[in-house]
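Trainee: Just dropping this structure here.
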Amino acid sequence: MKNTQFLFQIHYLISPTMKSVSQLNSMQSRSLLHTCLPLMNKKTTRIDSNEEQLHMKIDNKQSKDYMMHHEIYSEKELNDIKITHKKFESWHDRVAFAAVRTMRFFFDTFTGYIHESSTSKSDKIIKTMTEQQWLRRFIFLESIAGVPGMVAGMSRHMKSLRTMKRDHGWIHTLLSEAENERMHLLTFLELRQPGYVFRGFVLLGQGVFFNAFFLTYLLSPQICHRFVGFLEEEAVITYTRCIENLDAGKLPAWRNLPAPQIAKNYWKLSNDAMIRDVLLVIRADEATHRQVNHKLADVGPNAPNPFLIQTTETQTPPSIDEQQEIDTANKN
Ligand SMILES: [Fe+2]
Ligand SMILES: [Fe+2]
């Protein structure tokens, strides 16, 4: 793979106009456009940046793996993740939040989640979640979390086909979110293999949630992205609580547990990375999804995707060697 330099251009189009749409379309026709999941408002390239002490090794070349674009975080970014909550601004937001709370109730019940309040002054002994209970929760959570990005991406893809109009760059962002959530699931599956009953509930949950989300997406993409934004707020809370428990010594089996290899490969973690490092990058991913989905709900389904990366690498003609590689009919 050739050395590649990226030019990042993040378009925050607060009030999109027809002019900005046509500018974007002409830009798309000149170069490849990739979407990204920027954690926060990054306006400059970070791959060439040496300004941060990176916790993880970052390859200065374009990633050689086949995965879609995903964030690789610095230590500062990982530790800067905060629990946030977006204020309601419309009835859409209230509907979305009510749906998240309802879903969370069933979720907590099924996964046996015990919310431990740090402000509790009660003398009674508070039960804490064990490592196995956390894993059960994470696996079920992530099996559901991978659905919205795929459904939303698929819906926009289908809409683009049937209306014969451009999508304005949303599809890649949504599909890469779905893949990212699936990687969370695959990581936790390295630590626990669920039984048949659990898999049955996952099957049931996916059947219900996929269809409900799909139908709602057809009616109101805005509610759906707000819903995911609120859901990711909850995910950040859950992973923050787990990291706090780990730091407080309440999860002894994970104190010296190495990170699964799949996680080291995907997030480019160092060889000596531990499970805590994995929890930190997953929490950062959830914060990224939170940011992206709230923003997508804000701009509305007809605006260009505010999260775009433009790369200077266009499709160059193949070299002589590359042509010879596929010219097998003329090989001796
Ligand atoms: Fe996740
Ligand atoms: Fe998520």
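From the backbone N, Cα and C atoms, a Cβ is placed for every residue, glycine too.
Heads up, TrEMBL stuff is auto-annotated, nobody curated it.
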Trainee: Which candidate from GLU142, GLU190, GLU325 does TrEMBL annotate alongside GLU181, HIS184, GLU286 at the Fe cation 1 binding site?
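Mentor: Same Fe cation 1 site in TrEMBL: GLU142.
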Trainee: Report the candidate from GLU131, GLU232, GLU244 that shares the Fe cation 2 site with GLU181, GLU286, HIS289, as recorded in TrEMBL.
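Mentor: Of the residues offered, the record points to GLU232.
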Trainee: Could you tell me which of the binding-site residues GLU142, GLU232, GLU286 have their C-beta within a distance under 6 angstroms of some atom of ligand 2?
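Mentor: Passing the 6 Å Cβ check against ligand 2: GLU232, GLU286.
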Trainee: Let me check the 10 A CB neighbour count of GLU181 (Fe cation 1 binding site). How many other CB atoms are there?
Mentor: 25
Trainee: Using a Cβ cut-off of under 6 Å to any atom of ligand 1, determine which of the binding-site residues GLU142, HIS184, GLU232, HIS289 qualify.
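Mentor: With ligand 1 as the reference and 6 Å as the Cβ limit, the list reads GLU142, HIS184.
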Trainee: In sequence order, what residues of the same chain, 6+ apart, have a Cβ less than 8 Å from the Cβ of HIS184 (Fe cation 1 binding site)?
Mentor: PHE138, GLU142, ALA145, GLY146, ILE282, ASP285
Trainee: Tell me the Cβ neighbour count for GLU286 (Fe cation 1 binding site), meaning other Cβ atoms within 10 Å of its Cβ, over all protein chains shown.
Mentor: 26
Trainee: A 10 Å Cβ contact count, applied to the binding-site residues GLU142, GLU232: which residue has the minimum?
Mentor: GLU142
